[in-house]
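Take a look at the structure set out below.
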Amino acid sequence: MNSPIEKLTRQLGYQFQDDELLNLALTHRSANSKHNERLEFLGDSILSFVIADELYHRFPKVNEGDMSRMRATLVRGNTLAELGREFGLGDYLKLGPGELKSGGFRRDSILADAVEAIIGAVYLDSDLEVVRGIVLNWYTSRLEAIKPGVSQKDPKTRLQEFLQGRRKPLPVYTVTNIKGEAHNQEFTVECDIAGMDKPVVGRGTSRRKAEQAAAELALEQLTNG
């Protein structure tokens, strides 16, 4: 292995037996017909399970709703993108010319997908207990900081409560674009809010994720503006 990849494996805290799994996890679909989306699918499920299991044992008296909200906070795209930046993943991603030109190595969705793909790759290279230890090590500070309660509500819920508390109409979400094939789509959603000059746009791999992204941006604009 060359030294840049060795640096990445040190950051990840895991030495791969099969280097090709790591290479595949870092390969975006824009770069090659063999890419990281199957690994991402696997890693997404493993991450959700590992975090759910940890929350269940860490918070024995917390109800299902709060645990679901805490898990959503920990596994959402921007949290994964933060992890990706901490690892310096953008320097190692294999992207096609178009994505490189448009700064894909900085994009939250691409970084988040790569983190999930790496989780899938670690699992295939080892086993569930090893990948559990790796993931929990990555999440140490976030697991220590997270608490049950209102702050874990998803963005759509928080936006709705924000508007209701000010006696304003509820937001209207409209899908304005869907691109890609059925198994690999990107949804674009506009969130219209009374009193805002223009709709807020969110994107995601499902309608729900796009709506949540739009709601998060709308909340930022409303609270910071």
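Every residue gets a Cβ built from N, Cα and C, even glycine.
When the candidates E20, E37, E40, E190 are compared with the Mg(2+) site entry in Swiss-Prot, which names D113, E116, the shared residue is E40.
Using the Cβ center of E40, D113, E116 for Mg(2+), the list of other same-chain residues with Cβ within 8 Å runs, in sequence order, N36, E37, L39, F41, G43, D44, L80, A112, A114, V115, A117, G120.
The Cβ of E40 (Mg(2+) binding site) lies under 8 Å from the Cβ of D113, A114, E116, A117, G120, each on the same chain and at least six residues away in sequence.
Under a cutoff of 8 A between CB atoms, and with a sequence separation of 6+ in the same chain, the neighbours of D44 (active site) are V75, E116, I119, G120. Around D113 (Mg(2+) binding site), taking its Cβ as the centre, 28 other Cβ atoms fall within 10 Å, counting all chains.
As a summary of secondary structure, the domain 'RNase III' (5-127) carries 89 helix, 2 strand, 32 coil according to DSSP.
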